[in-house]
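After the structure tokens below, expect a handful of questions from me.
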Ligand code: NAD
Ligand code: IPM
Ligand code: MN
């Protein structure tokens, strides 16, 4: 029996809708497998700014450090998206959390469920069998470099910066993962132009001899973005920087069918944070139509990576598979052939997942 304390941090927009389902899944897993999970909740993002003035209150950070894992929703609000001059912003809370908790490795698996072959705009024969694991560096790069407005506000810069140790620790994780998969690693950079990318490539090249069983290739970010859609199966494990990884994985969501299908694990020196790759999705907030599967699959990653509960993680993934096999769809993964009685909202598809799990 495992005893774990989980902090749920729903954040903004659809964050609350999808983490509600994620937490219900944890409750059923605890019951079914005889574990004791306890929960607490904390604020981040816009809701935290409204309540306390800070996008990441100290109380939230303290609770995060004390938890065995964090189930995170999303942050963001249109109020700030449309106001570039806002000094305090929801996203600052997310970035501070990643930095403070030392979450330097963001694992983003791109797993295509066979049932969703038709949900993508990419041809099924190109997609079938695609299975990619991204290692996105999460605490460096242009996200955390020096930035400034100069020239009386008429000029702005952000610094893309990487140190050797930062590249080395994420690359090692990617090499280790490649060893357990098809032994292929692709490193993505822009070394033909950027100095920080030349350092990145140098570090990856220097590590490669330590993993002689892994075949390494390097791609430039522009070509990688093209190849990902042209032939997703050519990729297995991909390692890349913070910004390139952010963009490539939103693109890769179209391999899995929807942003609502992609989970992630942010791990490093401290508590692991499990979060969908999607945002607060203002366009559908409050409508009850958000796909909760990314949050549920994030729970599966938590069970596996933070708690070492492999069978439990597998049960969660199988429950999603079962619901998809039964034909149930949320709007984002439905197509013209989906009968209306199988088209479900967040809560209803959540119930189907729980039923599958309880079987
Ligand atoms: P988004 O990921 O919120 O939404 C992009 C599109 O995907 C939208 O059309 C949305 O409806 C759809 N979508 C996303 N998740 C879905 C789900 N679970 N089910 C069904 N459809 C889903 O990105 P955006 O619109 O560019 O950003 C909105 C806000 O979210 C911004 O404020 C942004 O800063 C923030 N954001 C936060 C995170 C995060 O917290 N990790 C990630 C990305 C964006
Ligand atoms: C993500 C998001 C964040 C990022 C934003 C909201 C800061 O897009 O988690 O992918 O760029 O890392
Ligand atoms: Mn993103």
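Every residue, even glycine, has its Cβ placed from backbone N, Cα and C.
Those TrEMBL annotations? Automatic predictions, nothing curated.
Feature table excerpt (TrEMBL):
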{"type": "BINDING", "residues": "98, 108, 136, 222", "note": "substrate binding site"}
{"type": "BINDING", "residues": "222, 246, 250", "note": "Mg(2+) binding site"}
{"type": "DOMAIN", "residues": "5-353", "note": "domain 'Isopropylmalate dehydrogenase-like'"}
{"type": "SITE", "residues": "143", "note": "site 'Important for catalysis'"}
{"type": "SITE", "residues": "190", "note": "site 'Important for catalysis'"}
What residue among the binding-site residues 98, 246 has the most other CB atoms lying within 10 A of its CB?
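Checking each of 98, 246, the winner is 98.
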May I have the list of same-chain residues other than 222, 246, 250 whose Cβ is within 8 Å of the Cβ centroid of the recorded Mg(2+) site, in sequence order?
221, 225, 243, 244, 245, 247, 248, 249, 251
How big is the gap, in Å, between the Cα of residue 143 (site 'Important for catalysis') and that of residue 250 (Mg(2+) binding site), rounded to a whole number?
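That separation, Cα to Cα, works out to 17 Å.
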If I restrict to non-local contacts, at least six residues apart, and a C-beta distance under 8 angstroms, what lies near residue 250 (Mg(2+) binding site) in its own chain?
259, 277
Just checking: which of the recorded positions 108, 190, 246 have a C-beta under 6 Å from ligand 3?
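Only 246 qualify.
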Would you mind checking how many other C-beta atoms are within 10 angstroms of the C-beta on residue 136 (substrate binding site)?
27
Which state, by DSSP, holds residue 98 (substrate binding site): helix, strand or coil?
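The three-state answer is helix.
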Whole-number answer please: how many Å between the C-alpha atoms of residue 108 (substrate binding site) and residue 190 (site 'Important for catalysis')?
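Cα-Cα distance, residue 108 (substrate binding site) to residue 190 (site 'Important for catalysis'): 21 Å.
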If you count the C-beta atoms lying within 10 Å of each candidate's C-beta, which of the recorded positions 108, 190, 222 ends up with the smallest number?
222
May I ask which of the binding-site residues 98, 222, 246 have a CB within less than 6 Å of any atom of ligand 2, listed in sequence order?
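What lies within reach of ligand 2, judged by Cβ under 6 Å, is 246.
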Using DSSP with the three-state reduction, classify residue 136 (substrate binding site) as helix, strand or coil.
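Note: residue 136 (substrate binding site) is in a strand by DSSP.
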Which state, by DSSP, holds residue 143 (site 'Important for catalysis'): helix, strand or coil?
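The residue in question, residue 143 (site 'Important for catalysis'), is helix (DSSP, three-state).
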Give me the CA-CA distance between residue 222 (substrate binding site) and residue 190 (site 'Important for catalysis'), in Å, as a whole number.
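Taking the Cα atoms only, residue 222 (substrate binding site) lies 8 Å from residue 190 (site 'Important for catalysis').
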